[in-house]
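What follows is one structure encoded as structure tokens, with my remarks underneath.
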Amino acid sequence: MMPNSLLWAVDVYGRVYSLSTAGQQWDHCREAHLEFKRITAVEQCCWSIACDHNIYLNVHASDVPIRNQEDTYENQRWNPVDGFSDRLLPSDRWQWSDVTGLKHQPLVDFQLPSENWEWEGDWYIDENFGGEPTEKGGWTYAIDFPATYTKDKKWNSCVRRRRWIRYRRYKAQDTWVKIPSDQTGCLPDPFNDITCGGWEITEEPRGCLVLWAVSLQGKEVDVPGEVVQISSGPGDLVWAVLWEGHLLVREGIGRDCLSGSSWVTVESPSPGLGAVHVAVGVNVVWAITKDHKVWFRRGVNSHNPCGSSWIGMVGEMVMINVGLNDQVWGIGFEDRAVYFRQGVNASELSGKTWKIVSVSRDNDRSHSCASASSLQSAGCFFGGEVRVQSQASMLSEADPESEHIVVGALSPPEMADEPKPRIPKVTSDSFISELVSDREGQISHREAPSAGPSIPEEDSTEKEGEDRASPAPALTPSHSGGMDPQWSNVDLEEAQTLLMSPPGGDAAETCSLSSVATYNLTLEEPYAQDEHPKWAWVSGGGCLVNCHMQLNWFSHCTSTALNSSMQAMSLSITPAQTAAWRKQIYDQLSERSKREMENFMHYEQAIEQTVIDIATSVWVKKGSMQWWRNWKPYKWIDVQFALEQFSAADGNKDGILFIYYTFNDEKKYLHVFINEVTILVPVLNEAKHSFAIYTAERTKQRWPIRLAAATELEMQDWLALLSVSCCDSRGINGPPSKQAIWSITCKGDIFVSEPAKELEASLYPTPCDQMFWRQVGGHLRIVESNSLGVVWGIGYDHTAWVHTGGYGGGFFQGLASSTDNIYTQTDVKNVYIYENQRWNPVTGFTDRGLPTDRYMWSDASGLKECTKNNTKPPSPNWTWVSDWTVDYSVAGGADKEGWQSYHGYKTLKDFVRRRRWARKCKLTTTGPWQEVPPVPLCDITIQPCSPKSTVEQVALWAISNKGDVLCRLGVTSLTPGGSSWLHVGSDQPFKSISIGAVHQVWAIAKDGSAFYRGSVSAQNTAGDCWYHIPSPAGQKLKQVSVGRTSVYTVDENENLWYRHGVTPSYPQGSSWEHISKNVRKVSVGPLDQVWIIADKVQGSHSLSCGTVCRRLGVLPMEPKGHSWDYGIGGGWDHVTVRGNAMEAPRIIMPPLTDHSIKHSAPRSTLDRDPTGS
């Protein structure tokens, strides 16, 4: 499931409509009181040009408000008489200034930019400085202006300053707002075309939009001609169309030059016929010529924006638009219907066929479906050439610059005395073909079109247009009279128009019109009841569609007709005929199966079944693989692989796994009992399709069995079969329980473990290395749960997902997977490599380093060579979706070219430098996860509770990828996805959050400071205010987890801290205590149990990073515990036990002898340090 997004369109009356990807009708944008001529949409907003030639903006409503922080600094200097006061020296900065002190910024000078903004509150003092709370008043001190400020006052502190903050909020959402003229500057003339894009320009942060516009005089940025239409894509592609039909391409667009540097001319696709419309995406360019033919430009990308050649496509369109994922929409020439290009994907950018969007509008009285080629109209539509009498009046050549075109036609004699209908005349429209024709004063002759299909599938050939579908039937003359229809005033002109001649008359000449055609006027019914609206413009820039989505835009008509025809056909079929057909089909299938299987009788059976006795049977599956011999010489060895599974009469199953190999000409084998396998893990490997098999003993040694299959499909088949066998041997089937413990590997694979009651026992807990983990379909970065079965996750691309209650998915599909609640899931992440350079006095910085230097292209450590060409996606499941680009978002910042020194700042002694390159890759899989639109998240927390809890709503808090604090409303065990987001105000962005069992909400800000949210309860969901909690001395925190009474945090140096003094009367606590080091993440459960992801855990051969560990000895009177028990690892990145509220049974233990104490002691204990050091 993907979030619902909108396709926007404008009809010939200038009315704006939107169509949701989950909807089946056009919704009228009733907030638009004006008529519009152009619209360009992105995911967050829409821009448009109205009939008054002004630009309007519509920002879509969101659960996260649009807020802007205003700040100013109050500066003071100390003097012996007054102490600190606002009496400053003449050389000092302003009393009220910006952070630099160069700009005068008193509080009274801050005004709202327009009436669409409102203040959230009054000015207040910022009492946070570098993650630490300041003294009351928020002052920071320094020796002089400007200098380094500290929060502590010293004897030589002669100046001080404090920061004042105020927020303003954008309130005009989901309404059309006029852009003030003072923001657009002094314009030479009104705008005629507008396009929005550039939010994915190379190295540009997402959310930065670039708006291009064309004036009525065709003026643009240093254009070598007069532009009539322009289009920009999400990236750095910008194309424009000139009046004479040539195409322009903007070059030099980049992060430091959003407007580009120069124009390059590209010839029209069709010789002799200029282009009239162009649309661009990320890597595609579509164009339309004057004869309404559609063309596709091949070879277009960021490095070659001009492309290589044109391909003619089937269909006749008047305009075309490219949206997200390079999906294509158009408006048909004959019927003015909206068409969608099916089959567009990364491997086939041109798609396969056009499909009409056949849905009704919300103001249509009739929702019945008729032929898409019908041209019945209650008004007019934009476009083309219309059959008129030879006496038709033409565009006057007196004012060649004018775009106002008056159209007239003689009426038949019998209709001469009847009232003449008013024909709308729209100027500056989208259909440049008519404008060009009128501008050149050309008159063309067009035969009456014949009936035929709308637009079929095409077979593209380079530089050649294909056979077009026959156009729809010609219009019949209208003999309606009476009252004039109500036309809108989208820059319309009235004209004395005569109706068309009756059929059978003399051959008529055709006149090319500027954006208006004369049609029969159905005056008996208003336009709102028209079943076939005529569209003038469409924009899919904010419509998120991919090849996996099931849209409801096309089946609305066909399903009704199909059902009726099937029902009619079924009435004529007798039961005897049905039975005869079934028998005939069965006989034919049996004969074909027998005939086909004869060709495979000589093949060796892959699965053998042997009946040992009546009560037991054995299944054997064999195969060939490679096994990693992890002793010298380390290498992959070809082995034979066999799985023997035993099935008993009582339904119990077990099995043995054999691995046969040869060593020094001696045949040997390894064997593993299936009921001893604790986990099967796909291994992240660029060259091999490999996975690891762990048992309890191998988990303890960090020494798994690694196997590699020849293909990805073969590996997935084996993984699925082995996983099912392991689950069958342990009697575990179906979806995860509500108490399940969830974990995620660094590869993004999701695992769950069903906890035993003795897992959290205080005396004899179940060892972690004996826990059985099974994989769940999907791909996530973070997962959180609670004991009511509410499970949420976050992907690498910050997309939120909620667990549907299903199981399986991924490579389990069809084998051990639920038949429903499985959805397509996608994820996107970046792969990074580093370019390293060294300075020399001759050439400066160059890629020629010293022999002792790291590779000139390497990973972050510099120990592995990683070039652009040899760097592959993380695994074969991932595919590249972008090119390599310089990453400017590195810690410590970078210069204009992305370079940074290794210590984060540039000095004169810097002889080496590096910059980071990033490339996006995408994964598509399936799993029991459903997307929660539309806010991207970076952290999430769910309130832990007991299994018998009767709470009506589950408290769920989250942090958006921009740092906003959110609270999810409507979350229950029956509706785990909730209903909407509630924004919780904060003074600064956050990065981690956690809620405890009694509504204790703790959060970590991006600057590493800790905060506690006061007065949060079931009745007061969002609480009242934030309390700043001092961080451990000299540390910046990065993650927090809150249980029933315990609060744990992890700092950026991987230290684990425990908060002392947390009580119901004083929930903020009193101090921090260091517990352990080398801790990556922590999870505190509803029983205050503490689990972590630890680094540098000692194994049999080396240190293991990313190991799941549990804190032993955690008791109500000893919440810190005393040692660690090590579980599965390494390679793990996340774990959550917040759903495990299963308490161990309370039993009275006999006195322990010395021998029993020694025998039951933990195998791996460590006081304060999981590394063993």
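Every residue, even glycine, has its Cβ placed from backbone N, Cα and C.
Database features (TrEMBL):
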| type | residues | note |
| --- | --- | --- |
| COMPBIAS | 437-448 | compositional bias 'Basic and acidic residues' |
| DOMAIN | 65-126 | domain 'Peroxin/Ferlin' |
| DOMAIN | 138-171 | domain 'Peroxin/Ferlin' |
| DOMAIN | 619-729 | domain 'PH' |
| DOMAIN | 826-887 | domain 'Peroxin/Ferlin' |
| DOMAIN | 883-924 | domain 'Peroxin/Ferlin' |
| REGION | 437-487 | region 'Disordered' |
| REGION | 1153-1173 | region 'Disordered' |
Review point. With the domain 'Peroxin/Ferlin' (65-126) as the reference, which stretch in 138-171, 619-729, 826-887 has the largest tally of C-beta pairs below 8 Å?
Key: 138-171
**Study point:** Positions whose Cβ lies under 8 angstroms from the domain 'Peroxin/Ferlin' (138-171), at least six residues beyond its ends
**Key:** 59, 65-78, 84, 92-93, 100-101, 107, 110, 112, 116-127, 129-130, 132, 985, 987
Point to revise | Three-state composition of the domain 'Peroxin/Ferlin' (138-171), taking helix and strand from DSSP | key: 0 helix, 16 strand, 18 coil
Study note, to complete from the structure: Grouping DSSP H, G, I as helix and E, B as strand, the residues of the domain 'Peroxin/Ferlin' (883-924) number 0 helix, 17 strand, 25 coil
Practice item. Sort the residues of the domain 'Peroxin/Ferlin' (65-126) into helix, strand and coil with DSSP and give the three counts. Key: 3 helix, 24 strand, 35 coil
Point to revise | the domain 'PH' (619-729) - residue tally per DSSP class, helix then strand then coil | key: 27 helix, 62 strand, 22 coil
**Study point:** Overall pLDDT of the domain 'PH' (619-729), taken as the mean
**Key:** 87
